[in-house]
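These features come from Swiss-Prot:
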{"type": "DOMAIN", "residues": "5-94", "note": "domain 'CS'"}
{"type": "MOD_RES", "residues": "1", "note": "N-acetylmethionine"}
{"type": "MOD_RES", "residues": "7", "note": "phosphothreonine"}
{"type": "TOPO_DOM", "residues": "1-149", "note": "topological domain 'Cytoplasmic'"}
{"type": "TOPO_DOM", "residues": "171-189", "note": "topological domain 'Lumenal'"}
{"type": "TOPO_DOM", "residues": "234-242", "note": "topological domain 'Lumenal'"}
{"type": "TOPO_DOM", "residues": "264-280", "note": "topological domain 'Cytoplasmic'"}
{"type": "TOPO_DOM", "residues": "302-322", "note": "topological domain 'Lumenal'"}
{"type": "TOPO_DOM", "residues": "344-362", "note": "topological domain 'Cytoplasmic'"}
{"type": "TRANSMEM", "residues": "150-170", "note": "transmembrane segment"}
{"type": "TRANSMEM", "residues": "190-210", "note": "transmembrane segment"}
{"type": "TRANSMEM", "residues": "213-233", "note": "transmembrane segment"}
{"type": "TRANSMEM", "residues": "243-263", "note": "transmembrane segment"}
{"type": "TRANSMEM", "residues": "281-301", "note": "transmembrane segment"}
{"type": "TRANSMEM", "residues": "323-343", "note": "transmembrane segment"}
């Protein structure tokens, strides 16, 4: 005996570019919905007029449609959307003139052609308005947002490093050399904040928000945080040494010239004195900072050897103990290599800025 094919109730509506079909099946499982040779094929397990069964139907469309139907399942029905290949109104849904018994208009969504024309015109106007706004307003808006973001970032960093610089300077004039030994406990929190925030600077260079080369920014970020978090931050014996003062002072002295220069660049201002300081003060300050960091690393080697912190033993068959001081010695080599890379980068910047004036003098 031939199995009876069960068809669900299907309601349809249209717009100029789309067809909508609502299949009256609840609790649908395993739906198979596809379009081949301009025919919509539907088959699914669900609860319909004949109870919980497998329902299916096939509809050959009146005109050409795109072969990728979209559908959405709800608890009570299946909503199918089909894109027309041409934007025009159909007089009926199917190629056969006689409407299938299971098919009916969806009066909840139905529009006549004049209503649909008005809706289409409204959507087109909305799209054109959106494109015009994007074309006219978007580039300027994005540029302003970028400038505002960079200005605020540089301002926050300037305030942070200025606080450190002023704090260290005032305490030195009041306490003299005694101020060297508790530098870490007085300004470490602010230095942690500024150096963690410096990650943003590296990311800006990496994603193209700024034109800064990634390598110099990354070298400075990793180098400083190695000193701050590992050498100083993990060993209390290092936090009371005078070298902390010189490291923090050189870092903050460099940044109080660099960040205000970047701030003014965001608003297209050029203060000649500040520009000269930004392109000149690094010449003595970067080597002093590098020397201070090297002294800090050298002083920390016996401290790490004595404590054994971060040391580890290689697994069998090597079974060799690797001290953290080995990595500190490697870092010393990398420190001066990084200094060379940054020095070279800054020298090129200075030559681009002032090189032409020197040529004109000869």
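Cβ atoms are placed via backbone N, Cα and C, with glycine included.
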Averaging the pLDDT values of the topological domain 'Cytoplasmic' (344-362) gives 68
Close approaches to the topological domain 'Lumenal' (171-189) from elsewhere in its chain (Cβ under 8 angstroms; 6 or more beyond its ends): 163-164, 232-233, 239-242, 244-245, 248
Remote residues contacting the topological domain 'Cytoplasmic' (264-280) - C-beta distance under 8 A, at least 6 residues beyond either end: 147-148, 150-151, 154, 257-258, 346, 349-350, 353-354
